[in-house]
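Feature list (source: TrEMBL):
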type: DOMAIN; residues: 91-242; note: domain 'F5/8 type C'
type: DOMAIN; residues: 248-429; note: domain 'Laminin G'
type: DOMAIN; residues: 436-608; note: domain 'Laminin G'
type: DOMAIN; residues: 610-647; note: domain 'EGF-like'
type: DOMAIN; residues: 646-698; note: domain 'Fibrinogen C-terminal'
type: DOMAIN; residues: 855-1020; note: domain 'Laminin G'
type: DISULFID; residues: 993-1020; note: disulfide bond
type: DOMAIN; residues: 1016-1057; note: domain 'EGF-like'
type: DOMAIN; residues: 1077-1263; note: domain 'Laminin G'
type: TRANSMEM; residues: 1296-1322; note: transmembrane segment
């Protein structure tokens, strides 16, 4: 079939404009399909070249001849070469940085005011000395600005400023506003949301600022923010950019353009669609096309955002039926241009709106988009019904609309036949400019407009508003007769209209729902006809009847009212208003700005300066973003993360970390990369052995019997683990050692071919690679465990199964080469012979050790350092490590950028400093210790910085916070290498040891890097690879050994592992009185310096205790404050656990019941309660984990006391809590900890102290130790039972040889056991002598330290890592 081009086709090709990739199809000979993607048109120096006129795009050739093929390829290569050369030429000549202001006439310049004629706006040209050498406003000008009319739509890429010539007048910072018409303005913001530009420091130097994204505009306004304090404002400016070709179409909400295909349908594998649009409507369809097989594409403006619906070859997804949109952008109804770019190749799609991009994959199973007949732009017309549309049409302007390189608007403007116009589409943008004003302040903004008497009585007010704030005053007016007044306010996202009458009488009407969603809302208020009518948007009106006609007595106050005489207590409105009318008369805001009408304060005119602080979403790990006008917050519920931006994992990184917390064996969620991208996963932590084992199970642990398999039809089993592949990799790589047991029993089933050694069975590693070794850690050796142990039944073979005997053989082995684990699949291929059979089972993956906990390096030269790649921490970074030193100062960590930096250092013997600069000026946080930190002991440091705040933690000292400025720079831009233990200047280097360095969840291998670095050595002399101290006990190194400091632990003993338990009766109680109000201690340290303002510590409590009781109700624990707040943990009448949080005295307390069952059952129960802000985490024993959300994130203010057992002092408790408090507690309490206070331990070791009050009998008990030993016994029995069960399930073969082997093994094991027992008895006798001295030293020093060190600290969670030694 021969394919030729028609003249119409060539003309259409010439009409395609804009740089885009076009697909051509050539069907030649026997149907060969050649897809040629050619760059048809390139931009070169502003002119467009069309290469389609140089060569025919597609010619037919004889595909059966070599000459035809060579000819075709030669043409393609030539065309491609020309395209590349033309592209290079275009890139060389095309620039958009030409000066746009220097040639403008005087009439293009305007200003808010001028000091005199010689200081006029037209003198403000860069490097000119006209007049007084620049523009300066009047000294009395409160809102100065300089405006430039560029005479046409241009693309602006940079601006430059200069002070007034030979003067002390210059502007040091300014804002940029831009507009199409000079009426509605928009503020330019950088990528990170900052709106201010850096200005000048003298009058002559030129400061140029390049725009992070070019903007198309005609009018530009410079708004000075700061200027020379020793002079005045002076300004000369230049704007850089270029003109551009614009094709514009105006849609009136009832019109559209249809692009009709030459054939019935158009099927494309790749699509490129681009356009710009602007609108003052939040709804409207921009693009739509659909096909009969179910394909569709719809681009729609919805609630001010852009939704793209795209489906390929899925007839189940029809229009308006289960469609899922991809949403990009926000506040797109702002009457300013927004760019849209859609790229699709097969099912992969990039959708970009302005600078925000979404990458996604389409619905459906196809790879091409098939659209029938036509594409519509501006609406979705209903076939056969002209002027009728299925959805709201687009109302606004589109510019430079390209569909796969076709200039749609140009074709429509030239009335080409493939474009059909529906309704009135014009080719100039004449949209109405709705001028708005912005209420800037949440306390002092207001707009006052006069009230003229209405001829019909009463009054009516209409306006539109948009805001993010859930509360604020919209309108207030004084009424006749006095003292009546009317208030319209937003309260919790709804509109409330209140009529205040004499006395306390008032009438209320409410309307609307979630009016603080950032969209424009229309409000109509009418008090005529003896009733008040309130309507919002298109919702039904709300009315209330009046006894008499209301008349306005004074001005109408919008947004707030003057401080003098204002009776409104509601916060003022913060947002935008427009289209204000009183008595149906529009109010001219321009007259208000000029002082001709009304009055105002803290308003910005001609612009709605709203911004979406949740775009992009800066909440990490799926946190939900909420915002107000001036800030945003993150809801981290259900994410597994906490913090201001959901950055910090609420789970520990490993089972080893849980053991250091004092946890017992059980299922735990671990987050192997901490604050990194991987989420938490559940594992089993076996904490009963010396080694801490992390166990990850899979879907098939039971024995599997295999028969009738061969290499041609093998038996295949895939193993799905309880976690993702990335999490598995993180757990394995972070562990010191991993292993996985492969139980393999066979009869006449070989593992390797005895002739050539090729494998007949194999397994796949975690990367899917084939492995054929069946034991040990030597992956290059095709052997089984019996060969490694040299005990195979036939030494001629490397595996027992390869002997190929008609009897059961065993090749069970332990795989321990970490990089290959876990086993992802097993393949069995030799059980197809008579009598052949195999039985296998793959055990769970078991890993022990945490490599990061013990990774250390020693720095012994001040000029030495370790370097790593640049820190990737633009928006958030958390840095944690341990150090010990005898030096007075030194830099732990530093990373520099062009201007930005981040640094953590020991700035003096007792001060750790965290400093950084993201563009807002240096920010410094310092924590000062009351004891020297260069004491040769380990100290913990954690520094965090995100877009909301920065914090610094040192040991258990109070956490320091700095809040980030609301509208400051966000991104930390670094470029140098990351230096550890020193600086780039090789000065102020650190001398000492650093270990366990983790940044953003990534553990740094200091030991490996130190091996190749002079002046640094691996490890740290004199510290232990395993901490002998448990339960947050601190290991203090001595010259002749170590001592465990248990002063901050609820446990005792030489290694902080002995439960401290006390028996209570009904009258017993222990009250710990805090030395001074707790919140005072939290904030008691030297003030940090910095640009930002420091805030107090975040609300946080950690509570842990164990108990045994049969009493109910019972009071377990209560914490009370001087401000009438309290926390209570009780057992209710039914024995269920209840947690009471009363944080706001004017509200009811929050009550949570994590365990509805009876805990007063005489059994030992462990409770852990952890609160951060509003989030409350509760753990009961090992099987109950709950998360709750409190009604308030308030801190406990001025903590007074903590009481265990009966409460005798009358408190403001709830009746149920009071009843439990009066009953007290009968039973045993063990290892009670509240933050860093251990009240039971204090009661036993500090009797007579003024801090501890004991009432009733109090007897030390061993219930905790008994319960712990019972728990371990039960766990050991359960493990043994499981092993017996597995052995019973797999040992189904009753072979006499196996039985004989078992008997022999039992005899051998018994003999070995006797030898081991005798050896242990001998070692125990010697160990008693050596350990007695350590215990005596510990008992004397630690209890003495505890008496002298009863002070409080901050969070257990942030400081427990201090003890990882």
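From the backbone N, Cα and C atoms, a Cβ is placed for every residue, glycine too.
The domain 'Laminin G' (855-1020) makes no contact with the domain 'Laminin G' (436-608), as judged by fewer than three Cβ pairs under 8 Å among residues 6 or more apart in sequence. Counting C-beta pairs under 8 angstroms (sequence separation of 6 or more), the domain 'Laminin G' (248-429) reaches the domain 'EGF-like' (610-647) with 3 or more such pairs.
Summarising the environment of residue 993 (disulfide bond), the number of other Cβ atoms within 10 Å of its Cβ, over all protein chains shown, is 24. Its Cβ taken as reference, residue 1020 (disulfide bond) is surrounded by 21 other Cβ atoms within 10 Å in the chains shown. Mean pLDDT for the domain 'Laminin G' (436-608) in the predicted structure: 88.
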